[in-house]
Amino acid sequence: MAETRENPSNETVREYQEEEDQSFEELGLDSRLVRALLKKAIEKPTPIQRVAIPLILEGKDVVARAKTGSGKTFAYLLPLLQKLFSGNVDRKKLAPNAFILVPTRELCQQVYTEVLSLVELCRVQVKVVQLNSNMLANDLRAALAGPPDVLISTPTCIAKCLSSGILQAASINGSLETLVLDEADLLLSYGYENDIKAFTPHVPRSCQCLLMSATSSADVDKLKKLILHNPFILTLPEVGNHKDEVIPKNVQQFWVSCPASDKLLHILAMLKLELVQKKVLIFTNTIDTSFRLKLFLEKFGIKSAVLNPELPQNSRLHILEEFNAGLFDYLIATDVSQSKEKDEAHKESNVGSRKSRKSARKLDSEFGVVRGIDFKNVFTVINFEMPQSVAGYVHRIGRTGRAYNSGASISLVSPDEMDTLEEIRTFIGDDENKSSNSIAEFPLLTKNAVESLRYRAEDVAKSVTKIAIRESRAQDLRNEILNSEKLKAHFDSNPKDLDLLKHDKVLSKNAPPPHLRDVPDYLLDKTTKEAREMIKLARDAMGNNNRRRGSKRKLRKGGDPLKAISAAVSKRPYKVKKTSDSNNSSDRHKRKKKAGILD
Ligand SMILES: Nc1ncnc2c1ncn2[C@@H]1O[C@H](COP(=O)(O)OP(=O)(O)OP(=O)(O)O)[C@@H](O)[C@H]1O
């Protein structure tokens, strides 16, 4: 049962339980929506959906805080659509009935696709549009003509429409019935504060406001105060003295200790010796590191695609689609959300100068691959470099273990990243007495396995020079700009075709030599062979498909070899090894420079 109480600010807080059985019908959901969900193989609501949907249907303002991958999108979309289906909406309106504000273009596209698919499956007339800041005034005007029922956009684009008169403040005031702020913890940190402030005075008091977030922060509180009226706060109950468990239980978290200069070697060993399960999403903190990694892996015959904010939007969306469709197994994503590159992008977008428009390396300030993106069937997330904040970690890890799937994360931690690891451990409540939510040492990678590849890895790493990185980054950008144009033309007539262009092309000038492509058997020790076999078994058990519901039924804890190992490992007391090295900042700096991996 959900428990309701008041907090010191007189807000109604509703705590909900993880395990409860209730159907979508019992939540009061329209039968057309229930049928549409069934067609998508979604049978039963997730905990956040169970508690949020009835409240939203009642018209309450809601702040929903729930783990990554817990189904927050349907938690607000389903009741929002039901409201529109009901026929009680004002058809003479001058602006959309519902606004969904999201922090990134990738999310705009994702939410847009999700709404369209529901509307199509329900066979109802609901007009949905998405806007982005690159659209010309005429296109924006055309998109808003009608007007549509649902508008999905980043806040910047709404502010732009308001300031240029494409959207009238009075029309919003007379029409807006539902406002959703998705990934609310990010909206302010993406620099949208002024855009949101320009828009909120026009939100009518009668408008129902919904705020969705995976992590809580001062920014979420700020938004809550700015926009919501006496909201229901939905949250998981606190577990003992611990904070809410923010990481889904079905994600096994691991770490590997290694010097920064050995990270390439370690990731090579994990991927080449097949010690991790595919698909694999690898996070780096800078675009150059992503290309260094791609080039390095390429030399060993491991093909990967790179996703970063300097690529054109069409290419980025296509890369995501291809990866989701399973066209390639390794995606290296640059998470610039807290890096210098992100700040640069914001400066450029805010200044909007001619210089920035001309800049060959313009980064998109509305890019975001970490938050909210629903990567399909990613089993393993690797932090090649640690994120710079706990929230960054939570969101990265949340790209696996979505809904009822299982997954694993592996963080490569250098001595100067140990503080971050410790901070994360404290936050997630990792201690010796808890078996869930702990970060264990990755048990499948032995020292022998790593050392067997050292000679080759170091040799190849030397060949991935700064010049080679610069050239391939430029080459990739050129390819993708070309792709982007072809993509646009092609998708206008074939919106569903995914096979046109491949994004995991080899960038090195020379093909990888055979002796690097294949790992000879004599190099593998017994433990590594066993570990590799175990991963293969796990993959076969899941039909390499990590199916949404099937995985839960077929793969009970004992049946998943990786889980079995990690269960054994997590019972061991975990200690963060703090080397004297890791405390010495000048050493740290030297190491970083020497490795050339970290900025
Ligand atoms: N009731 C359900 N049963 C099974 N799968 C579901 C259900 N609801 C949503 N899903 C699926 O779960 C996945 C994650 O959902 P969603 O993207 O809404 O998560 P989220 O909570 O918004 O995550 P994040 O915080 O990372 O944005 C999606 O693929 C979605 O289709």
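Cβ coordinates come from backbone N, Cα and C, glycine included.
When TrEMBL is compared with the stretches 1-23, 415-437, the one noted as region 'Disordered' is 1-23.
Listed by sequence, the residues of this chain that lie at least six past the ends of the motif 'Q motif' (22-50) yet keep a Cβ under 8 A from its Cβ atoms are 16, 57, 64, 66, 70-72, 74-75, 78-79, 81-82, 85, 117-118, 121-124, 234, 236, 403, 548-549. Secondary structure of the motif 'Q motif' (22-50) per DSSP (helix as H, G, I; strand as E, B; remaining residues coil): 16 helix, 0 strand, 13 coil.
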